[in-house]
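Annotated features, as they stand in Swiss-Prot:
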BINDING   Cys456  heme binding site
CARBOHYD  Asn86  N-linked glycosylation site
CARBOHYD  Asn317  N-linked glycosylation site
TRANSMEM  12-32  transmembrane segment
Amino acid sequence: MESAQIHSTRDSLFILWLTTLLVSVLATAAYIKFQSRPRPYSGFPLVTLGGPSETDSSHAANWFRRGRALVNKGLSELSGAFQISNGSGYWIILPSKYMDELRNHPDMSLRDALREENFPNYRGFDGFRQAFKDSTFTQEVIRVKVTQSLGLITANLANECQHALQENLGESREWQQRFIIEDILNIVAQLTSRVFLGERLCRDKEWLQITKEYARNSFMGSEELRQCLPLTRPLMQFFMPACTQLRKFSAAARRLIDPEVQARKRRAEEAIKLGKKPPKVEDTIGWMVEVARGRQVDYVGGQLALSIAAIHSSTDNLSKAVVKLCEMPEIVAPLREEITTVLESTDGWSKPALYRMKLLDSFLKEVQRLAPFTIVGMHRRVMKGYVLSDGTHLPKNSRIMVMNDKLRDSSVYEDPDTFKYDRFARLREQPGQEDQHQLASTSSEFATFGHGEHACPGRFFAANQLKIIMACLLLKYDFCFQPGQAEKARVIPFEMVETIDPTLKIEVRRRSEELDVTKVAKETA
């Protein structure tokens, strides 16, 4: 009897101890969450979609599904700066009128603005890790090597485009139904990889799958982690679907790319030992080796970083352009006429030839104007407190987004809500405006590639690649909406991004082009 009482007392004490421990842990977790919870910035109106009772989780959900609507609400209701929450922190939103004032300011950091949003120190996020570790390296590869080699790589891109079109759209003269977004993504991934990794890997099915999926899973993985308590993220990453996929893709990318990097290094070292110049290269994997100059570089992470930056935004522009051709078939003929005239009167696919395709350039830019991939012109972290010209104080360590909100402004564009494929071609005809309205040009009124010191360094490559693909699509194929599909040419929102519904089907058929694009490409190469 006495023994039973002792056991009962021990059980009661254990339960009391366990209860006390659990309460303490929960109280500590609640305290940590409260203390670490981001606070709104003083002096900036907080814009929400659900009112003042919104929680962090509802902030995150609204940002994920309706981020652009949230920001547009603030822009329409307020004339100056305001703030929003994406669930993991607050951002000050600034209209584009502040863009020129901030675009090159030394105390405004792009890298620090995005670092905590993208978890570069977590496994699998290798592309972000290399980009944030040494942003100057990637920029040097793009600005110094890729941009200055556009004349060299244009023919390679045109040639690869013929292979990619054949592989994805085929040669059928009959109308066929296609998931056009997926086809365009495949084509962009292959051409981009031709410049990034060379001829062999750009057709490797496993690599193409990695490069297409890595960016999507990077952003999804970041979103998954942002919705977790900071204390739990190091553990929760191993249970998140997108994070798990990222680790698999990163490992596979290393298996494919590392041997190529080592082979390039050996060839360069052997040439130097023999007193010769290293072999000439025409892809970023070789240019990375040249630019590294003894620096510790994660070459695979660098390639994944380029994939994040290059593929999905270009796919979006081209997808929306094809949709516009289906909506406005009357603009197809003048575009085809220009492309044919230029290719017949020049030496085929070349940088000067692409420059002369001004209607095509204008068409793609007008697509961007009315259907931009994102409406954010700049992300920055304020490294030192700063007072704007109108007296607005940006606190130290605050994060800001400057909007690209002039794209439909009637003070900038005549009849701004109407699609005019030749709008920018006509603007370039004005004295002194020749170089101001090209697809790759940036300004505070048109910042789809960003603006200022941190504008997209690869925009000149992107513009040339977009024109090559679009020109080949126009000359080689006809497009139209499948009956009942026009209404599916809608956009799907994701944070500040809007993309075409990937389930959209379009009718495609091979046509007899005005000149043999394949022959022109081969003769130019």
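Every residue gets a Cβ built from N, Cα and C, even glycine.
Annotated features taken from Swiss-Prot, shown on the structure.
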residue	record	CB count, 10 Å
Asn86	N-linked glycosylation site	22
Asn317	N-linked glycosylation site	25
Cys456	heme binding site	19
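Separation of the C-alpha atoms of Asn86 (N-linked glycosylation site) and Cys456 (heme binding site): 24 Å, rounded to the nearest whole number. When the Cα atoms are compared, Asn317 (N-linked glycosylation site) and Cys456 (heme binding site) turn out to be 15 Å apart. The DSSP secondary structure for Asn317 (N-linked glycosylation site) is helix. In this structure, Asn86 (N-linked glycosylation site) belongs to neither helix nor strand by DSSP; it is coil.
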